[in-house]
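Notes follow once the structure below has been shown.
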Amino acid sequence: MRNDDCWCGSGLKYKKCHMEQDEYLKKLSKEVGYKIPKDIIKTPNQIEGIRKSGVITHAILDLMEEVIKPGVTTEELNKIAHDYTIEHGGIPAPLNYGGFPKSICTSINEVVCHGIPEDRTLKDGDIINVDVTTILDGYYADASRMYIVGNASEEAVKLVNDTKKALELGMEQVKPFSTVGHIGHAIEGFANENGYSVVYEYGGHGIGTKFHEEPFVAHVGDPGEGMILLPGMVFTIEPMLNIGKPETRVLRDDWTAVTRDGSLSAQWEHTLVVTESGYEVLT
Ligand code: MF3
Ligand code: CO
Ligand code: CO
């Protein structure tokens, strides 16, 4: 009822809190023909929280630009990211997530994702993805970039740049009443035209008050497939492109995902929110 306390626990009256959004969701559910879960659409307050968390994630990825060079260990990168997060009032989301032992993921060369920082040193010609997720005041912001260590092969540099382009093309599909399938289709089409395969065993994800929420954001697919995108939805896009085949396997450490054929892999990631006219990057 409009004068009751809101269901969200804010202590505000329902009419002053979630009533408007609930009515909006009811109307949208009717339009799209299925019930849209409440927590898929973030409130302006929640979006602001994720945006603030994203400032830390972004700053750490900038910092990596300065410190990644031949001779540095991924454990050193982990410590720099961990300390920066704590100093800015945040918590590194990966640490102890499902038993993950470190604060960032560092994925080198044929590692697709979820590489664990260790005392291995980076060497000239390596390509590395650093994946950072911050929790600030309970809000999650997840992003990753590729870095080239010293001088890499032309093929490796092209893979890195083309994977960034794939993320950008995916993001361009984001607007109200588009679908997750539009994103996957754009990424897959571009990747295949350029001779790459797209990893289908991992994908982007809803995010906000948890690390991984609905929907699953496949980086392959067709327009119209998957969830319909609506204003206030927050999710990641994080395509992984391989020079060889798309299949992956997980190493004995239970985390590190590598290409089965040992070919190079690259990934870029952003967290974004669907707006009335398109999208805003939050990282
Ligand atoms: N940041 C990764 C993602 O983009 C998830 C890492 S989970 C971890 O979804 F446990 F490996 F950190
Ligand atoms: Co992610
Ligand atoms: Co990530």
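Even glycines carry a Cβ here, placed using N, Cα and C.
Remember, TrEMBL labels are computer predictions, not curated facts.
Here TrEMBL flags 48-276 as domain 'Peptidase M24'. Annotation comment: TrEMBL describes HIS114, HIS212 as substrate binding site. The annotation divalent metal cation 1 binding site is assigned in TrEMBL to ASP131, ASP142, GLU269. The annotation divalent metal cation 2 binding site is assigned in TrEMBL to ASP142, HIS205, GLU238, GLU269.
Listed in sequence order, the binding-site residues from ASP131, HIS205, GLU238, GLU269 having a Cα within 10 Å of the Cα of HIS212 (substrate binding site) are HIS205. Cα separation, ASP142 (divalent metal cation 1 binding site) to HIS205 (divalent metal cation 2 binding site), rounded: 10 Å. Proximity to ligand 3 at the level of Cβ atoms, with a cut-off under 6 angstroms, picks out ASP131, ASP142, GLU269 from the binding-site residues HIS114, ASP131, ASP142, HIS205, HIS212, GLU269. In this structure, the C-alpha atom of GLU269 (divalent metal cation 1 binding site) lies 13 angstrom from that of HIS114 (substrate binding site). Close to ligand 2, meaning a Cβ under 6 Å from one of its atoms, are these of the binding-site residues HIS114, ASP131, ASP142, HIS212: ASP142. Note: the Cα of GLU238 (divalent metal cation 2 binding site) and the Cα of HIS114 (substrate binding site) are spaced 13 Å from each other.
Just so you know, the Cβ of HIS205 (divalent metal cation 2 binding site) picks up 19 other Cβ atoms within 10 Å once every protein chain is counted. Secondary structure from DSSP puts GLU238 (divalent metal cation 2 binding site) in coil.
Take the CB of ASP142 (divalent metal cation 1 binding site) and look out to 10 A: across all protein chains shown you find 27 other CB atoms. Looking at HIS205 (divalent metal cation 2 binding site) and ASP131 (divalent metal cation 1 binding site), their Cα atoms lie 14 Å from each other.
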